[in-house]
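The compositional bias 'Pro residues' annotation in TrEMBL covers 1-17. The feature domain 'MARVEL' is assigned by TrEMBL to 47-179. Among the features that TrEMBL reports, region 'Disordered' is placed at 1-25. The transmembrane segment annotation in TrEMBL covers 51-70, 76-101, 113-133, 153-175.
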Amino acid sequence: MEPPPPVVPPPQEQPPRPRSHTVTTTSSSFTANLSASSSTLAYDREFLRTLPGLLMVTEIVLGLLVWTLIAGTEYFLYPAFGWVMFVAVFYWVLTVFFLIIYMTMTYTRIPQVPWTTVGLCFNGSAFVLYLIAAIVDASSVTKELDSHNYNSWAASSFFAFVVTSCYAGNTYFSFISWRSRTLQ
């Protein structure tokens with residue numbers, strides 16, 4: 001025979017606690033600044049009317065042309081064109097990213113980043129690597145290599161040099177901006 005289950009007394013209601021009318025909240029300065037600055041999305045359409053903005057759009061359009069002209073061929077058979085593809089696609093994606101940052105004025109919301117230095121490093125590296133890629137592209141284009149893809153590769157070489165000159169221009173403007181920031 002089993003013992004009867006223990007008897008549990010019914011729960012007694014607790015008397016209500018007095019409510020405090022003071023509420024204390026804390027927030028870090030980072031979250032306070034982030035919530036205050038991200039309430040509206042700014043759009044700087046004047047950036048596209050500046051010379052750096054026009055150069056950036058040209059870099060995007062012609063850079064897309066460079067890598068699509070090569071991508072439409074059997075470039076993977078020739079390592080030199082693989083390098084050109086890497087440089088063209090890598091800097092095309094980053095240039096689109098930076099255009100979005102400049103158009104939405106995100107750089108004003110993240111003041112911890114030294115944007116003039118970042119722009120100078122980005123444009124300077126793009127100029128140097130695109131120049132190398134354009135030279136490699138031009139030196140790899142021969143009719144003996146593959147006459148079927150000759151025109152696409154020759155056109156990509158031409159546009160790679162045009163994009164290189166655009167990055168050179170933006171490197172110059174980035175340097176001027178960086179120098180004026182460091183002199184202040």
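Including glycine, each Cβ sits where the backbone N, Cα and C put it.
For the domain 'MARVEL' (47-179), the model's pLDDT averages out at 93. Within its own chain, the transmembrane segment (76-101) has Cβ neighbours under 8 Å at 56-57, 59-60, 63-64, 66-67, 70, 107, 119, 122, 126, 129-130, 132-134, 136-137, 139-140, 145-146, 153, 156, 160, 163, 167, counting only residues six or more beyond its boundaries.
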